[in-house]
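S.K.: According to Swiss-Prot, the record shows the following:
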BINDING   H66, H106, E142  Zn(2+) 1 binding site
BINDING   E142, D176, H213, E258  Zn(2+) 2 binding site
BINDING   H179, D226, H228  Zn(2+) 3 binding site
Amino acid sequence: MRLGKHVSIAGGLYKATDRATKIGCNALQIFVKNPRGWKIKEVSDSEIKKLKDNIKKENMYPLVVHSSYLINMATPRDELWEKSVNSLKKEYKRTELINADYFVVHPGSHTGKGLHFGINRIIEAINSVFGEVKNGPQLLLENVAGAGSSIGSNFTELRDIINKVDDYARIGVCLDTCHAFAAGYDLRYEDGLEELLNDFDKIIGLDLLKVIHLNDSKYGLASNKDEHAHIGEGEIGEKGISNIINHPLLKDKPFILETPKFSGRDKDVELVNLLRRD
């Protein structure tokens, strides 16, 4: 089982691997910059080499990069859209530089301008990134909880973006379990999970599902609220999480936890390993 967690890069990118292995992970997710700002600091060749060496030494896979928080590919505000695209390009270049496997991005919000407008704006943004960075890793669109005018809470919206991206080989999906539950898929039960997988396969295709963000949900079914809970302590619960990680179509996918931090041992990592049936 490939199980990782989103970990801090404080003190250097390469220190993320130490944090991941310390809590029992063999995969990881990071930001490549401060996620709450536009600036991106330079990183030295030695820092990048240390990260690559650590990844190889610990046999960690995949290395997933998550885009920063301020990016909105769907915004009608030209200045924000330009900033978003420029930041995406810089982060995507760094993702390529460190040999990361995937780059996860939230589609964004059209803020009232309309779904059609927002989707076209997202397509334009991704094509601009791919046009400048020719050999980067797969960019994964993440499903969202469905609050407000956000795009990507249903698979049809994600498909409409994917089908019009110029470089189809470089696009995929990251499925967030908390977001799917918040958007209406009842992952507490096997029937709800089967419904999700059937819809995903019919609309997008399971071959494009590359990474799963394994998160419990603080809020109830179809709440459209995005707040992650510790595994087994949220509304999806242990049984629901167990169904997900042991499903024949999902068990070989990489799982990344984005649950709240623990001060010591990571009980989420431990519980997921206990729930896994080999």
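Counting starts with 1 at the first residue shown.
Keep in mind that glycine also has a Cβ here, set from the backbone N, Cα and C atoms.
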S.K.: In sequence order, which residues at least six apart in the same chain have a CB under 8 Å from the CB of H106 (Zn(2+) 1 binding site)?
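M.R.: Listed in sequence order: S67, I71, L141, E142, V144, S150, G152.
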S.K.: Just checking the binding-site residues H66, H213, E258: which sit within 10 A of H179 (Zn(2+) 3 binding site), CA to CA?
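M.R.: For H179 (Zn(2+) 3 binding site), the binding-site residues whose Cα atoms are within 10 Å come to H213.
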S.K.: Between D226 (Zn(2+) 3 binding site) and H213 (Zn(2+) 2 binding site), how far is it from one CA atom to the other, in Å?
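M.R.: Approximately 13 Å lies between the Cα of D226 (Zn(2+) 3 binding site) and that of H213 (Zn(2+) 2 binding site).
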S.K.: Could you tell me which of these binding-site residues, E142, D176, D226, E258, has the greatest number of Cβ atoms within 10 Å of its own Cβ?
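M.R.: When each Cβ's neighbours within 10 Å are tallied, D176 tops the list.
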S.K.: Just checking, which of H66, H179, H213, H228 (binding-site residues) has the fewest C-beta atoms within 10 Å of its C-beta?
M.R.: H228
S.K.: Can you see whether DSSP assigns H66 (Zn(2+) 1 binding site) to helix, strand or coil?
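M.R.: The three-state answer is strand.
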S.K.: Relative to the mean position of the Cβ atoms of E142, D176, H213, E258, the recorded Zn(2+) 2 site, which additional same-chain residues have Cβ within 8 Å?
M.R.: V104, N143, C174, L175, T177, C178, H179, I212, N215, I256
S.K.: Measure from the CA atom of H66 (Zn(2+) 1 binding site) to the CA atom of D176 (Zn(2+) 2 binding site) and give the result in Å, rounded to a whole number.
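M.R.: Given the Cα positions, D176 (Zn(2+) 2 binding site) is 13 Å from H66 (Zn(2+) 1 binding site).
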S.K.: For the recorded Zn(2+) 3 site formed by H179, D226, H228, name the remaining residues of the chain with Cβ within 8 Å of the site's Cβ center, in chain order.
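M.R.: So the extra residues in range turn out to be V144, A145, D176, C178, A182, N215, S217, K225, E227, E258.
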S.K.: Using Cα coordinates, what distance in whole Å links H228 (Zn(2+) 3 binding site) and H213 (Zn(2+) 2 binding site)?
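M.R.: Just about 10 Å between their Cα atoms.
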S.K.: Quick one: Cα separation, H66 (Zn(2+) 1 binding site) versus E258 (Zn(2+) 2 binding site), in Å?
M.R.: 11
S.K.: In three-state terms from DSSP, label H228 (Zn(2+) 3 binding site) for me.
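M.R.: The three-state answer is strand.
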S.K.: When DSSP states are folded down to helix, strand and coil, where does H179 (Zn(2+) 3 binding site) land?
M.R.: helix
